[in-house]
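K.L.:
Taken from TrEMBL, the feature ATP binding site covers 260, 261, 262, 263, 264, 265, 266, 267. The coiled coil annotation in TrEMBL covers 85-197. Among the features that TrEMBL reports, compositional bias 'Polar residues' is placed at 16-35. Per TrEMBL, domain 'Kinesin motor' is recorded for 163-512. Annotation source TrEMBL lists region 'Disordered' at 14-38.
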């Protein structure tokens, strides 16, 4: 469009300087000539055509002054338009020259770039050719090296096979020689062992004959609250003591423990046979009864909270069987004697310091804890028992009950104890650690016998502190608890001597009076679990 470009290539916005298609009249205002005096003036195509086609009209045909003035004004606007065209033409010429120079420069730059690219392409082609030659040479060298390597590997493999064959033959000869020497040594040891065993058997046979002759000359009679024959079921045994377990829910301290020689069935009586429902022991059955009774008493307004702890006394050291620290459970070394100190309070309750105490909600949860404790308990093999308990196991269930209707509170404690078995060193064949364990077990059981003897004679001083076992059981043996002891005896005739000792001990226990059981009611709930 005419008038669309301005100086220096800038876009101008056109504006009219004429009256468009209207004719000028004598009274019309002359077109503005301010373009030459007040700044640039721009024309559009319509403006130019209107200016050229303009016809001047006059009021009076003979008014020459007016005609001259109008003509001068028209000529002035024509000059202004001509000057604008001239300036526009100069702008176009300048822009054309500028674009021409830019085009020449770009063409030259493109030519230079094209030359440079051709040079680069030639250089790259030369590099590619050289790399291709180097690659072919490297392939040839690699193939040669691989061939040499395969040959070397084959040679090395053959050498290794030969060396291994020699070493294997040598090892076979050495092993055969070692076996022969071992068999010879074993044979000598067996000969010596057979000789020693033969002497021991002769001595043992002589002692048995002497002992049997004495037994045949006299009879022994004992009186107990109940005697269970060998074919008595676990359920029948539990039914006999179920009311005693109920006493714990009623707010009494109850203690049940099993005593007897190694292999007589104490652990079977207390724990039963794992995985066999019919042969469950007293502990699982007691727990089932307690949880069932707790549920049935809800309708009467009773709510019970139960807490469990399990420990063992091994070599006069208390071990926490529910501890998550396996080192503290398994080792004696480095365990401070004060770590699990025993304390009795004024109410006859026993507290064991730093003992793990857990809240339980179901018998299934307690069974899981029993399995965990059984895995941590110390056991060992002796000539009298393949799986002999080498420690005293104490299971404690603390029962706190509240009747929401009567606001009555009861606190009972159920202690179920599996004592380690008594054994004679001459029969158990214990050595090393087993010997140390046997000595500790017999000492603690002997202390238990001393306590029972002192209680039976109503002596002023009862040596409860002579062992950890008797000190731990002090409230059960000499306090206000309901205490029951199972004595287990082995049916073999070779165990007659140990059975007599166990029966005599049981008779002594049966003759003891330990005090009147006291029900704990209306007592504020204790924060910690105790053994009673």
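Quick reminder: no glycine exception, Cβ is built from N, Cα and C everywhere.
Source: prediction; values computed, not measured.
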K.L.:
Run through the Cβ atoms and count how many others sit within 10 Å of the one on residue 266 (ATP binding site).
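P.N.:
Taking every protein chain into account, the count is 25.
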K.L.:
Once the chains shown are all counted, how many other Cβ atoms turn up within 10 Å of the Cβ of residue 260 (ATP binding site)?
P.N.:
26
K.L.:
Within a 10 Å radius around the Cβ, which one of these binding-site residues has the most neighbouring Cβ atoms: 263, 265?
P.N.:
263
K.L.:
I'd like the number of other C-beta atoms within 10 A of the C-beta of residue 262 (ATP binding site), please.
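P.N.:
A 10 Å sphere around the Cβ of residue 262 (ATP binding site) contains 25 other Cβ atoms.
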K.L.:
Ten-angstrom check, please: count other Cβ atoms within 10 Å of the Cβ of residue 264 (ATP binding site), all chains counted.
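P.N.:
That number is 25.
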K.L.:
Taking the Cβ of residue 267 (ATP binding site) as the reference point, list residues of the same chain whose Cβ is under 8 angstroms away and which are at least six residues distant in sequence.
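P.N.:
The list for residue 267 (ATP binding site) reads 258, 281, 389, 393, 418, given in order along the sequence.
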